[in-house]
Amino acid sequence: MTMVCYRPEGLEQLEAQTNFTKRELQVLYRGFKNECPSGAVNEETFKQIYAQFFPHGDASMYAHYLFHAFDTTQTGSVKFEDFVTALSILLRGTVHEKLRWTFNLYDINKDGYINKEEMMDIVKAIYDMMGKYTYPVLKEDTPRQHVDVFFQKMDKNKDGIVTLDEFLESCQEDDNIMRSLQLFQNVM
Amino acid sequence: MAAGVAAWLPFARAAAIGWMPVANCPMPLAPADKNKRQDELIVLNVSGRRFQTWRTTLERYPDTLLGSTEKEFFFNEDTKEYFFDRDPEVFRCVLNFYRTGKLHYPRYECISAYDDELAFYGILPEIIGDCCYEEYKDRKRENAERLMDDNDSENNQESMPSLSFRQTMWRAFENPHTSTLALVFYYVTGFFIAVSVITNVVETVPCGTVPGSKELPCGERYSVAFFCLDTACVMIFTVEYLLRLFAAPSRYRFIRSVMSIIDVVAIMPYYIGLVMTNNEDVSGAFVTLRVFRVFRIFKFSRHSQGLRILGYTLKSCASELGFLLFSLTMAIIIFATVMFYAEKGSSASKFTSIPASFWYTIVTMTTLGYGDMVPKTIAGKIFGSICSLSGVLVIALPVPVIVSNFSRIYHQNQRADKRRAQKKARLARIRVAKTGSSNAYLHSKRNGLLNEALELMGTPEEEHMGKTASLIESQHHHLLHCLEKTTGLSYLVDDPLLSVRTSTIKNHEFIDEQMFEQNCMESSMQNYPSTRSPSLSSHPGLTTTCCSRRSKKTTHLPNSNLPATRLRSMQELSTIHIQGSEQPSLTTSRSSLNLKADDGLRPNCKTSQITTAIISIPTPPALTPEGESRPPPASPGPNTNIPSIASNVVKVSAL
C-alpha cells in the first residue's frame, strides 16, 4: 500500500494567493495535517469531520455538496491549497466572491443555473443536519415551502431557475443576508 | 470536541456561509474573540523534563488542570515556565491526550500511580481510549480485589455487634470460621453426614447367618439399631435445614437454591417412610425412595470448595457434554444396527435385537470388551473391529476439546460479565457527557441572554456569570445557533418526552400544557411562512420571519414572578424550560415569553419552549463551562430576566 503524500506549495506562495497571513496559514495547516496526515482529504474523511460538529443530525449530504464545492478540479480529494483557497474566499473575500461561491455550492451540477430540484436537495440537506429531535417537528413540506420562499425571493423573471446575476442581485437587496455574510469575518 | 477537529472549526463556520442565503431569519451574533492572543508555545517543566506545546493545544480541554487557569498556580516567574513536581513518564501520556485526543494507559505503569496522576491533572479515566481501556479496567479490578481480600481478612477478626441474631446465624452457617459455635456446628453436621452415608452403605452388607435362615444384610439383622441411627441423622438434618431456613436473608431464594433442594431430597424418604409403613402395597416404592438417601453425600459440597467448583464447571460446560453424548448416541445407533444385521445370519447369536446390540456397541467403543457378546460371522467381526477403532476416536477426540472448552468458557463468561459491566459504565458516562455538553450549550445561551439583559437594564451586577466558556465552545454553540436560525427549528432534548414529563410540580405541568397548546397552535399556523414572507421581504430592513407570527404567544407564565421585559430586537428568544422535575425553585427562573405587539415591533418568529441542544461532544464528563459573556449586541438584543439561576434550568429559544 503506497502512502501518497501531498505537500502544499510554499508558504509564501499560499500567502500571496490567499488573504491569510502566514501565521493563520500555519495554524490552518497544522489542523489540516493533524486530521489528514496524507495531505489530502477525501470525501469520507470530509464527511466525518463535518459530522462531528453536528452530532444530532445527518451532516453527510451537506458535507457532500460542500466537498464538491471545495473540490474545484473534481479530483475527488481536497488538497490543502483548495482548502485554503475556499476558506480565503469565505472568510476574507468580498461579498461578491462569497455570493459567487455560495451560488457554486447550490449549483450541484455546475451548469450555471440553480433549479428547484437542486435547491430542494440543498435545503433538505440543511434540514437533515438538525436531526430528528427538533421543535417543532419537521414536517414533510417545510423544506418545500422553504425552497418556494427562496425562489420567490431570488427568481426575478420567474422562469423557474436562478441565474448567477439574479442570485447576486437578490442577495444584495436583502439586508439580512448581507449582514450574515459578514458574520464570520473574525473567525481566524 | 475531538482535539484535532477543534482546529477545523473555522472551516465549519466558514461553510455556514452556505446557509445564509437560504435562511429567512437573521443570524445570532458571533462570539467575540476577546482574549485573542497569538498562539504561543508554553513550556511545561515536569521534574526537570521540559515539554513544550502550543497554548491552544492545552486549551482544548478547559476543565482539566492544564487547560484552565489552574495551571497559573504552577507558573514559575523566574524561569517563565510551568513547573510540576510530578512523574514525567505519566505526563507524557497526559500531554499526548491533549495533542491527539486519546488517552492511553502504558502497561508498565502501576495502576494506582497512574490514577493518582490523572486525578491530579483533572482528567477522568473514563476517557481512556478503546485500545487501552480493557487493560486499564482489568488492572484496576485486580488491584481492587487485592485490597478487598486484605480488608476482608481484617474484617473477619472484628466483631460486628450491629448484626441481628438472624444475620449472625446466617454468617455462621455460610462461613464456619466466624465463631467457635459455627465451627462446632460445621463439624457436627459433617460427622453426621458421614455417619449417614456409611450407614446406608453398611446396611446392605451381608452380616453373617442367623441359624435357620439365609444370609441377611446387616440392615435387616440389626434393623432397630440402623433405624435409630437413621432417625438421629435425619433429626439433625431437619433441624439444620430449619435453622438455615430461618436465618436465610431471602427465604424464597434459599428454598430455590440447589443445596436446599438436596437437603430436602435427603430427608424426605425418611418421613415418607414413616408415613407409609402401614401400607404394604407401596412398600416397593418406598424401597426405591431409599435410594435418594444417597443424595446426602452431596451435602458434603457445603464442606468442600472443590466439589462446588466441579459442579459449577460441569454446569457451564453442559452444552459441550451434551454434544459429546449426542455424537456417541449417534455412533452407537449406527454400529448397533450394522452389527445386528451382520450377525442376523449366524445361529445362536446373542445379537437378538438392535437394542440388545447397543450393549455390545457401548462396551466395544469404550474399549471395555467384556466378552459377553461376541460377533461370530466374518462381516460381524469386520464391523466389530471398525466399531472399536472408531470408539477410540469418538471418545478420545472430544475430551480435549471439552477440557479446553472448560477453561475457555469459564474465562469467557468472566470476560463477558466484565464487558457488560464496562459497557454499562461507558454508556452512563457518555450520557453524562451529553447532558453536560447540552447543559453547556444552554447555559451559555441563557447566560448570554442574561448578560445582555443585565447590560441593557444597567444593573450594577456582575456581568459575567459563571466561568467563561472556551472560545472554541462558544464558537461551536454559535454555529449550532445559526443552524437553528436557518432552519427555523430548534434542538430538542434527546428524550422528546423529557420536556413534557409530568412532574410533581404543578407549575411544571402548566408548562407542559402550554407546550401542548403551542404545539397545536403551531401546527395550525404552519402554513404561514409562504404567504407572509413576500410581503415581509418587501419591507426594507424588516426581518423576514421564517415562521408564523404568534401575537398570542405572549404567554406569560402565570407563576412567573418576572416582569415582562420589553423586547426591542427583531429577534425573539424565548428561554428557559425546565428540564428535569427537580426543583420547585425552577419556576422562578422562567422567563416570560416575549411581548411584541404592544411594542410596535416587527413580526417575530414564533416562540416556543424548547430545551437543549445536544452536543454530544466526547469531552470529559465533568463539563463546567457555564456561559460566556456576549458582547452587547449592536442592535438591542432580547431580554430575559432571570433572577435565579438554577443549575438544572435549561432551555433553548426557538424562532
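Yeah, the Cβs are placed from backbone N, Cα and C, and that goes for glycine too.
Any TrEMBL annotation is an automated prediction that lacks curation.
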Q) Under TrEMBL, which of the candidate ranges B:123-163, B:451-491, B:615-655 is annotated region 'Disordered'? A) B:615-655
Q.
If you count every Cβ pair below 8 Å, which range out of B:222-243, B:255-276, B:321-342, B:354-370, B:382-403 shares the most with the transmembrane segment (B:181-202)?
A. B:222-243
Q.
Checking distant contacts: for the transmembrane segment (B:222-243), what same-chain residues at least six beyond its ends satisfy Cβ-Cβ under 8 A?
A. 169, 173, 188-189, 192-193, 195-196, 199, 203, 207, 260, 263-264, 266-267, 270-271, 296, 299
(Q) If I take every residue in the domain 'BTB' (B:40-139) and average their pLDDT values, what number comes out? (A) 88
